[in-house]
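What Swiss-Prot annotates here:
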ACT_SITE  Glu137  active site, proton donor
ACT_SITE  Glu284  active site, nucleophile
DISULFID  Cys382-Cys445  disulfide bond
CARBOHYD  Asn109  N-linked glycosylation site
CARBOHYD  Asn192  N-linked glycosylation site
CARBOHYD  Asn274  N-linked glycosylation site
CARBOHYD  Asn374  N-linked glycosylation site
CARBOHYD  Asn378  N-linked glycosylation site
CARBOHYD  Asn407  N-linked glycosylation site
CARBOHYD  Asn473  N-linked glycosylation site
CARBOHYD  Asn480  N-linked glycosylation site
LIPID     Ala485  GPI-anchor amidated alanine
SIGNAL    1-28  signal peptide
Amino acid sequence: MAFTSMVSTVPVLFFFFTLLLISANSSSLSHNIKVQEQDKDPFVGFNIGTDVSNLLSPTELVKFLQAQKVNHVRLYDADPELLKALAKTKVRVIISVPNNQLLAIGSSNSTAASWIGRNVVAYYPETLITAISVGDEVLTTVPSSAPLLLPAIESLYNALVASNLHTQIKVSTPHAASIMLDTFPPSQAYFNQTWHSIMVPLLQFLSKTGSPLMMNLYPYYVYMQNKGVVPLDNCLFEPLTPSKEMVDPNTLLHYTNVLDAMVDAAYVSMKNLNVSDVAVLVTESGWPSKGDSKEPYATIDNADTYNSNLIKHVFDRTGTPLHPEMTSSVYIYELFNEDLRAPPVSEASWGLFYGNSTPVYLLHVSGSGTFLANDTTNQTYCIAMDGVDAKTLQAALDWACGPGRSNCSEIQPGESCYQPNNVKGHASFAFNSYYQKEGRASGSCDFKGVAMITTTDPSHGSCIFPGSKKVGNRTQTVVNSTEVAAGEATSRSLSRGFCVTIMILVTFSIL
């Protein structure tokens, strides 16, 4: 999962060049990389974790996936109710063997066969299971289980062969980026030799079976561990001038974003072990929308920017500098905020949606087809969250109607939105007034964590909320303002504070 991807760092060289160098002809580096037949086109999917206090029921969750045009998901287990609910849909599913089941499966062929029978044969093909991820970051999080990894993978594969499902369903295991060393420049990358005894036969297995190398890649952690060296814009897929592009001095290939460099590092690492025909599948990548005081770059703005640009990057099909002919598919971590996860705060804040399906923020993915309907939701509103104490809500309400310059005239005594006369109702109106005034901008519905976005019109009776379709030709009075909440302004200024690139040769650490 996300937190385990920041386990270790190693020193490497990072170059910033002011002049545009002539890129090497990357076509000579291309290889016959194998991709599953049904997934020849790159896609974006989502990880679905279940450490959520108010998660939708399986049936509701599937309806939500269909409404959002999400066609690829990765589960961290093989939940039977969810697999049943996914039957006869177009949603393609990666199911998982949790780390704590590796011992049983890796040491017993019959246990592996039983697992395939219960979790695959019982549902396929009505449920479109495309792959099995065996464990999660086993080499770096539970190294004591490493010797069981390949036996478990092979036992599961043999069980698929026995059921004649081995060509439709692939078997692999997700790795943390920290299994690679010297990842920039990518041309120098290699797998940690500690794991060669496992990686060599694993890669040979992936090559033989046409399965992908699964990698969990997080530019967020690269930035957090290398602040001041790796510019934020490079991590967020933001447009760069040539002087800010990362250049591999060995190949002269230009890298406009960190994720591409990490993917190419994986390809080079495989090539160094004489494997050149295995595709990289990014099984986790994302950016948290909230963090504690030590995580100032975990903001809604940065999460929106990263994930929106990531989606566009995948659907642009431009590949990587090393493999322009090959675009890796990506599973965003994650669909829902897992509010039950242990600290730090960011661990509970990777989701695009809250567990009840209301969006944490709205992605901006225009031009990416029908993917993610939340991008095309024209009518969204900002309301007070349930369960927030009245004192905290009152403070946020006071800011919205004061420094925030929301139009709060409708919640005054005798006006149309005064009833119900309670702080939650008044706060919702004031929050939404501010949100609409700010053009529903990313980050304008937070109020220190007590507000949330909803697609349900909160208008009631004669009380019409700003932005409502019920407004018709009614003119809403708003006050233009460039002010934002103090906390939001601080995080925004900080998040751009490390974007100045000094054109020197430096040594730094990267995942």
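Placed from the backbone N, Cα and C atoms, the Cβ positions cover glycine too.
Recorded features from Swiss-Prot, shown on the structure.
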residue : record                      : Cβ contacts under 8 Å, 6 or more apart
Asn109  : N-linked glycosylation site : Ser155, Asn158, Ala159
Asn192  : N-linked glycosylation site : Ser178, Ile179, Met180, Leu181
Asn274  : N-linked glycosylation site : none
Cys382  : disulfide bond              : Ser428, Phe431, Asn432, Tyr434, Tyr435, Gln436, Ser444, Cys445, Ala451, Met452, Ile453, Thr454
Residue among recorded positions Glu284, Asn407, Cys445 with least C-beta crowding, 10 angstrom cut-off: Asn407
Nearest-integer angstrom distance between the alpha carbons (Cα) of Glu284 (active site, nucleophile) and Asn407 (N-linked glycosylation site): 42
C-alpha spacing of Glu137 (active site, proton donor) relative to Asn407 (N-linked glycosylation site), in angstrom: 50
Packing count at the residue listed as 'active site, proton donor' (other Cβ atoms within 10 Å of its Cβ): 24
